[in-house]
Amino acid sequence: MQNAAISACQRGGHWAQALELLGEAKQRGRGSEGAEGDWKRSSGRKSSGSPVDAITFGAAASACEKGRRWEQALLLRLEMQLAGIETDSVVGNAFISACDKGGAWEWALRLLAGMRHGTPGPDEVTYCAGISACGRAKAWDRALSLLKAMRDDSLQGTGITYGAAVGACEAAGAWEWALGFLEELTWRSLEPGLVDCSSAASAVRRAEGQQWRSTLAILGQMKARKLQVGMVAMSAVIGACAVARQWLRCLEVLAELRDALNLEPDLVACCEAVRACEEGGQSQLPDLLAQVRHRVFLATAETRSSRKGGPSPGTLLLLLLVLLLLVLLLLLLLLWLLLLLIALLLLG
(Lines of atoms letter the chains of each structure in order from A and count residues from 1; the text may use other names and numbers.)
(Lines give C-alpha, C1' and ligand atoms only; values in the text may rest on other atoms or scores of the structure.)
Protein backbone atom coordinates (compact mmCIF):
# COMPACT_ATOMS: atom_id res chain seq x y z
CA MET A 1 0.00 0.00 0.00
CA GLN A 2 2.78 2.44 0.96
CA ASN A 3 4.67 1.73 -2.27
CA ALA A 4 1.54 2.45 -4.30
CA ALA A 5 0.98 5.74 -2.46
CA ILE A 6 4.58 6.87 -2.97
CA SER A 7 4.41 5.84 -6.64
CA ALA A 8 1.28 7.96 -7.03
CA CYS A 9 3.17 10.94 -5.59
CA GLN A 10 6.02 10.17 -7.97
CA ARG A 11 3.75 10.20 -11.01
CA GLY A 12 2.29 13.52 -9.89
CA GLY A 13 5.68 15.05 -9.17
CA HIS A 14 4.86 15.56 -5.47
CA TRP A 15 8.31 14.83 -4.08
CA ALA A 16 7.67 16.38 -0.65
CA GLN A 17 4.63 14.18 -0.05
CA ALA A 18 6.58 11.14 -1.24
CA LEU A 19 9.35 11.80 1.29
CA GLU A 20 6.76 12.36 4.01
CA LEU A 21 5.12 9.01 3.25
CA LEU A 22 8.53 7.34 3.25
CA GLY A 23 9.29 8.82 6.67
CA GLU A 24 5.98 7.57 8.05
CA ALA A 25 6.64 4.10 6.64
CA LYS A 26 10.05 4.01 8.32
CA GLN A 27 8.52 5.06 11.65
CA ARG A 28 5.91 2.31 11.39
CA GLY A 29 8.64 -0.14 10.51
CA ARG A 30 10.68 0.76 13.59
CA GLY A 31 7.65 0.42 15.85
CA SER A 32 6.60 -2.94 14.45
CA GLU A 33 10.16 -4.22 14.54
CA GLY A 34 10.43 -3.35 18.24
CA ALA A 35 7.27 -5.22 19.23
CA GLU A 36 7.82 -8.08 16.82
CA GLY A 37 11.46 -8.35 17.82
CA ASP A 38 10.65 -8.97 21.51
CA TRP A 39 8.21 -11.75 20.59
CA LYS A 40 10.52 -13.37 18.08
CA ARG A 41 13.54 -13.21 20.36
CA SER A 42 11.55 -15.05 23.04
CA SER A 43 10.37 -17.64 20.51
CA GLY A 44 13.73 -17.98 18.80
CA ARG A 45 12.48 -16.71 15.41
CA LYS A 46 14.18 -14.15 13.18
CA SER A 47 12.65 -10.76 12.46
CA SER A 48 11.11 -10.30 9.02
CA GLY A 49 12.81 -6.93 8.61
CA SER A 50 11.65 -3.45 7.74
CA PRO A 51 8.63 -3.04 5.46
CA VAL A 52 10.54 -0.27 3.67
CA ASP A 53 12.34 -1.93 0.75
CA ALA A 54 14.26 -0.94 -2.39
CA ILE A 55 11.03 -0.38 -4.32
CA THR A 56 9.89 2.15 -1.72
CA PHE A 57 13.14 4.08 -1.95
CA GLY A 58 13.11 3.84 -5.74
CA ALA A 59 9.64 5.37 -5.95
CA ALA A 60 10.71 8.19 -3.62
CA ALA A 61 13.86 8.77 -5.70
CA SER A 62 11.75 8.99 -8.86
CA ALA A 63 9.58 11.59 -7.14
CA CYS A 64 12.74 13.57 -6.34
CA GLU A 65 13.70 13.26 -10.01
CA LYS A 66 10.39 14.80 -11.08
CA GLY A 67 10.93 17.62 -8.60
CA ARG A 68 14.61 18.06 -9.60
CA ARG A 69 15.62 17.48 -5.97
CA TRP A 70 18.88 15.64 -6.42
CA GLU A 71 20.10 16.41 -2.87
CA GLN A 72 17.15 14.58 -1.35
CA ALA A 73 17.75 11.67 -3.75
CA LEU A 74 21.35 11.35 -2.55
CA LEU A 75 20.17 11.37 1.06
CA LEU A 76 17.75 8.55 0.23
CA ARG A 77 20.59 6.55 -1.29
CA LEU A 78 22.67 7.07 1.85
CA GLU A 79 19.75 5.89 4.00
CA MET A 80 19.47 2.75 1.87
CA GLN A 81 23.15 2.00 2.36
CA LEU A 82 22.98 2.56 6.13
CA ALA A 83 19.89 0.34 6.36
CA GLY A 84 21.63 -2.40 4.40
CA ILE A 85 18.94 -2.46 1.71
CA GLU A 86 20.26 -3.84 -1.57
CA THR A 87 19.42 -1.90 -4.70
CA ASP A 88 18.79 -2.99 -8.26
CA SER A 89 19.40 -1.35 -11.63
CA VAL A 90 15.96 0.28 -11.71
CA VAL A 91 16.46 2.00 -8.35
CA GLY A 92 20.04 2.91 -9.22
CA ASN A 93 18.85 4.48 -12.45
CA ALA A 94 16.29 6.51 -10.51
CA PHE A 95 19.05 8.06 -8.39
CA ILE A 96 21.19 8.84 -11.45
CA SER A 97 18.22 10.34 -13.30
CA ALA A 98 17.45 12.53 -10.28
CA CYS A 99 21.00 13.93 -10.42
CA ASP A 100 20.70 14.35 -14.20
CA LYS A 101 17.43 16.28 -14.04
CA GLY A 102 18.71 18.34 -11.11
CA GLY A 103 21.84 19.43 -12.96
CA ALA A 104 24.25 17.52 -10.67
CA TRP A 105 26.05 15.83 -13.55
CA GLU A 106 29.21 15.04 -11.59
CA TRP A 107 27.20 13.15 -8.99
CA ALA A 108 25.39 11.30 -11.78
CA LEU A 109 28.75 10.14 -13.15
CA ARG A 110 29.95 9.13 -9.69
CA LEU A 111 26.87 6.99 -9.14
CA LEU A 112 27.29 5.46 -12.59
CA ALA A 113 30.94 4.65 -11.86
CA GLY A 114 29.87 3.00 -8.61
CA MET A 115 27.40 0.80 -10.49
CA ARG A 116 30.13 -0.22 -12.95
CA HIS A 117 32.37 -1.44 -10.12
CA GLY A 118 29.64 -3.12 -8.10
CA THR A 119 26.27 -4.78 -8.34
CA PRO A 120 23.95 -4.28 -10.00
CA GLY A 121 25.76 -3.28 -13.14
CA PRO A 122 24.59 -0.42 -15.36
CA ASP A 123 22.27 -0.95 -18.32
CA GLU A 124 21.36 1.15 -21.35
CA VAL A 125 19.03 3.34 -19.28
CA THR A 126 21.88 4.05 -16.85
CA TYR A 127 24.22 5.20 -19.58
CA CYS A 128 21.48 7.23 -21.25
CA ALA A 129 20.90 9.16 -18.02
CA GLY A 130 24.64 9.71 -17.61
CA ILE A 131 25.07 10.94 -21.18
CA SER A 132 22.06 13.22 -20.78
CA ALA A 133 23.66 14.69 -17.64
CA CYS A 134 26.85 15.35 -19.62
CA GLY A 135 24.77 17.09 -22.27
CA ARG A 136 23.27 19.47 -19.74
CA ALA A 137 26.79 20.35 -18.60
CA LYS A 138 28.08 20.63 -22.20
CA ALA A 139 30.65 17.98 -21.29
CA TRP A 140 30.49 16.20 -24.62
CA ASP A 141 33.91 14.60 -24.12
CA ARG A 142 32.60 12.85 -21.01
CA ALA A 143 29.60 11.71 -23.04
CA LEU A 144 31.99 10.10 -25.52
CA SER A 145 33.77 8.34 -22.66
CA LEU A 146 30.46 6.97 -21.42
CA LEU A 147 29.62 5.61 -24.86
CA LYS A 148 32.97 3.82 -24.94
CA ALA A 149 32.36 2.45 -21.44
CA MET A 150 28.93 1.25 -22.52
CA ARG A 151 30.48 -0.72 -25.37
CA ASP A 152 33.15 -2.08 -23.03
CA ASP A 153 30.31 -3.40 -20.86
CA SER A 154 28.97 -5.25 -23.95
CA LEU A 155 25.93 -2.99 -24.19
CA GLN A 156 24.83 -1.91 -27.67
CA GLY A 157 22.80 1.13 -26.72
CA THR A 158 19.48 2.30 -28.10
CA GLY A 159 18.32 5.14 -30.27
CA ILE A 160 17.58 7.12 -27.11
CA THR A 161 21.16 6.60 -25.90
CA TYR A 162 22.71 7.87 -29.12
CA GLY A 163 20.12 10.64 -29.29
CA ALA A 164 21.33 11.80 -25.86
CA ALA A 165 24.88 11.81 -27.24
CA VAL A 166 23.77 13.94 -30.20
CA GLY A 167 22.11 16.34 -27.77
CA ALA A 168 25.30 16.56 -25.67
CA CYS A 169 27.35 17.41 -28.76
CA GLU A 170 24.76 19.98 -29.85
CA ALA A 171 24.87 21.69 -26.45
CA ALA A 172 28.67 21.94 -26.65
CA GLY A 173 28.74 22.92 -30.34
CA ALA A 174 30.66 19.78 -31.33
CA TRP A 175 28.94 19.50 -34.68
CA GLU A 176 31.35 16.95 -36.20
CA TRP A 177 30.62 14.47 -33.43
CA ALA A 178 26.89 15.21 -33.62
CA LEU A 179 26.91 14.26 -37.30
CA GLY A 180 29.02 11.21 -36.51
CA PHE A 181 26.53 9.91 -33.98
CA LEU A 182 23.68 10.60 -36.38
CA GLU A 183 25.43 8.45 -38.98
CA GLU A 184 26.12 5.76 -36.38
CA LEU A 185 22.41 5.65 -35.57
CA THR A 186 21.74 4.75 -39.20
CA TRP A 187 24.69 2.35 -39.34
CA ARG A 188 23.39 0.45 -36.32
CA SER A 189 19.91 0.27 -37.89
CA LEU A 190 18.54 2.56 -35.17
CA GLU A 191 16.02 5.06 -36.45
CA PRO A 192 17.05 8.65 -35.65
CA GLY A 193 14.13 10.69 -34.38
CA LEU A 194 13.00 14.23 -35.01
CA VAL A 195 14.81 15.55 -31.93
CA ASP A 196 18.06 13.83 -32.94
CA CYS A 197 18.06 15.34 -36.43
CA SER A 198 17.04 18.77 -35.16
CA SER A 199 19.82 18.70 -32.54
CA ALA A 200 22.40 17.75 -35.16
CA ALA A 201 21.21 20.49 -37.50
CA SER A 202 21.35 23.03 -34.66
CA ALA A 203 24.91 21.95 -33.83
CA VAL A 204 25.98 22.45 -37.45
CA ARG A 205 24.21 25.80 -37.60
CA ARG A 206 26.36 27.09 -34.74
CA ALA A 207 29.56 26.18 -36.57
CA GLU A 208 31.44 28.78 -38.55
CA GLY A 209 32.25 27.98 -42.15
CA GLN A 210 30.75 26.09 -45.04
CA GLN A 211 28.83 23.41 -43.15
CA TRP A 212 25.46 24.38 -44.63
CA ARG A 213 25.52 21.35 -46.93
CA SER A 214 25.47 19.10 -43.87
CA THR A 215 22.25 20.71 -42.64
CA LEU A 216 20.67 20.19 -46.05
CA ALA A 217 21.75 16.54 -45.92
CA ILE A 218 20.14 16.16 -42.48
CA LEU A 219 16.98 17.78 -43.83
CA GLY A 220 16.97 15.32 -46.71
CA GLN A 221 17.40 12.43 -44.29
CA MET A 222 14.45 13.64 -42.23
CA LYS A 223 12.27 13.76 -45.34
CA ALA A 224 13.42 10.32 -46.46
CA ARG A 225 12.45 8.88 -43.07
CA LYS A 226 9.13 10.75 -43.27
CA LEU A 227 9.78 12.62 -40.04
CA GLN A 228 7.64 15.65 -39.37
CA VAL A 229 10.06 18.46 -40.05
CA GLY A 230 9.46 21.29 -37.60
CA MET A 231 10.45 24.90 -37.23
CA VAL A 232 13.53 24.10 -35.14
CA ALA A 233 15.17 22.06 -37.87
CA MET A 234 14.19 24.48 -40.65
CA SER A 235 15.47 27.49 -38.70
CA ALA A 236 18.75 25.67 -38.13
CA VAL A 237 19.09 25.01 -41.87
CA ILE A 238 18.27 28.62 -42.73
CA GLY A 239 20.75 29.84 -40.12
CA ALA A 240 23.55 27.65 -41.45
CA CYS A 241 22.89 28.83 -45.00
CA ALA A 242 22.80 32.45 -43.81
CA VAL A 243 26.18 32.10 -42.10
CA ALA A 244 27.60 30.78 -45.37
CA ARG A 245 25.84 33.61 -47.31
CA GLN A 246 23.83 31.09 -49.31
CA TRP A 247 20.88 33.43 -49.80
CA LEU A 248 19.33 31.33 -52.56
CA ARG A 249 19.21 28.28 -50.29
CA CYS A 250 17.61 30.40 -47.56
CA LEU A 251 14.85 31.45 -49.93
CA GLU A 252 14.33 27.86 -51.08
CA VAL A 253 13.91 26.64 -47.51
CA LEU A 254 11.54 29.52 -46.72
CA ALA A 255 9.48 28.64 -49.77
CA GLU A 256 9.39 25.00 -48.70
CA LEU A 257 8.18 26.05 -45.26
CA ARG A 258 5.21 27.86 -46.74
CA ASP A 259 4.37 25.66 -49.71
CA ALA A 260 5.33 22.07 -48.87
CA LEU A 261 5.06 22.08 -45.07
CA ASN A 262 2.30 24.69 -44.76
CA LEU A 263 4.23 26.45 -41.99
CA GLU A 264 4.72 30.15 -41.47
CA PRO A 265 8.40 30.99 -40.90
CA ASP A 266 9.06 32.34 -37.43
CA LEU A 267 10.89 35.55 -36.59
CA VAL A 268 14.27 33.85 -36.22
CA ALA A 269 14.06 32.21 -39.64
CA CYS A 270 13.00 35.46 -41.32
CA CYS A 271 15.81 37.46 -39.70
CA GLU A 272 18.38 34.85 -40.76
CA ALA A 273 17.13 35.00 -44.34
CA VAL A 274 17.15 38.81 -44.26
CA ARG A 275 20.77 38.77 -43.17
CA ALA A 276 21.75 36.38 -45.97
CA CYS A 277 19.99 38.45 -48.65
CA GLU A 278 21.32 41.74 -47.25
CA GLU A 279 24.89 40.46 -47.37
CA GLY A 280 24.30 39.12 -50.86
CA GLY A 281 22.66 42.37 -52.01
CA GLN A 282 19.56 40.64 -53.36
CA SER A 283 16.28 42.21 -54.41
CA GLN A 284 14.19 39.86 -52.23
CA LEU A 285 15.11 41.92 -49.15
CA PRO A 286 11.96 44.15 -49.15
CA ASP A 287 9.67 41.10 -49.25
CA LEU A 288 11.51 39.48 -46.38
CA LEU A 289 11.34 42.69 -44.35
CA ALA A 290 7.59 42.66 -44.87
CA GLN A 291 7.48 39.11 -43.50
CA VAL A 292 9.51 40.17 -40.47
CA ARG A 293 7.11 43.02 -39.76
CA HIS A 294 4.21 40.57 -40.11
CA ARG A 295 5.79 38.15 -37.64
CA VAL A 296 6.43 40.96 -35.15
CA PHE A 297 2.79 42.01 -35.47
CA LEU A 298 1.61 38.43 -34.85
CA ALA A 299 3.93 38.00 -31.88
CA THR A 300 2.68 41.24 -30.36
CA ALA A 301 -0.96 40.26 -30.92
CA GLU A 302 -0.41 36.82 -29.38
CA THR A 303 1.28 38.37 -26.36
CA ARG A 304 -1.60 40.79 -25.80
CA SER A 305 -4.26 38.12 -26.18
CA SER A 306 -2.51 35.71 -23.80
CA ARG A 307 -2.13 38.28 -21.02
CA LYS A 308 -4.88 40.30 -19.38
CA GLY A 309 -2.36 42.72 -17.94
CA GLY A 310 0.47 44.55 -19.66
CA PRO A 311 3.41 42.73 -21.27
CA SER A 312 6.33 41.71 -19.09
CA PRO A 313 9.62 43.67 -19.15
CA GLY A 314 11.28 40.75 -20.95
CA THR A 315 8.68 40.87 -23.72
CA LEU A 316 9.07 44.64 -24.10
CA LEU A 317 12.84 44.27 -24.32
CA LEU A 318 12.51 41.57 -26.98
CA LEU A 319 10.15 43.69 -29.07
CA LEU A 320 12.48 46.68 -28.71
CA LEU A 321 15.42 44.64 -29.95
CA VAL A 322 13.39 43.39 -32.90
CA LEU A 323 12.34 46.93 -33.81
CA LEU A 324 15.94 48.11 -33.59
CA LEU A 325 16.92 45.27 -35.91
CA LEU A 326 14.25 46.33 -38.38
CA VAL A 327 15.45 49.94 -38.29
CA LEU A 328 19.03 48.80 -38.87
CA LEU A 329 18.01 46.63 -41.81
CA LEU A 330 15.99 49.47 -43.34
CA LEU A 331 18.96 51.82 -43.00
CA LEU A 332 21.17 49.26 -44.72
CA LEU A 333 18.61 48.95 -47.50
CA LEU A 334 18.48 52.73 -47.95
CA LEU A 335 22.28 52.88 -47.99
CA TRP A 336 22.38 50.18 -50.64
CA LEU A 337 19.83 52.06 -52.76
CA LEU A 338 21.76 55.31 -52.30
CA LEU A 339 24.99 53.69 -53.45
CA LEU A 340 23.16 52.21 -56.41
CA LEU A 341 21.76 55.65 -57.30
CA ILE A 342 25.20 57.25 -57.05
CA ALA A 343 26.65 54.55 -59.27
CA LEU A 344 23.94 55.13 -61.88
CA LEU A 345 24.56 58.89 -61.81
CA LEU A 346 28.28 58.40 -62.26
CA LEU A 347 27.74 56.04 -65.16
CA GLY A 348 25.25 58.43 -66.72
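Even glycines carry a Cβ here, placed using N, Cα and C.
Per TrEMBL, the features are as follows:
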COMPBIAS  26-41  compositional bias 'Basic and acidic residues'
REGION    26-51  region 'Disordered'
REPEAT    123-157  repeat 'PPR'
TRANSMEM  316-347  transmembrane segment
For the repeat 'PPR' (123-157), the number of residues DSSP places in helix, strand and coil: 26 helix, 0 strand, 9 coil
Averaged pLDDT, computed only over the residues in the repeat 'PPR' (123-157): 87
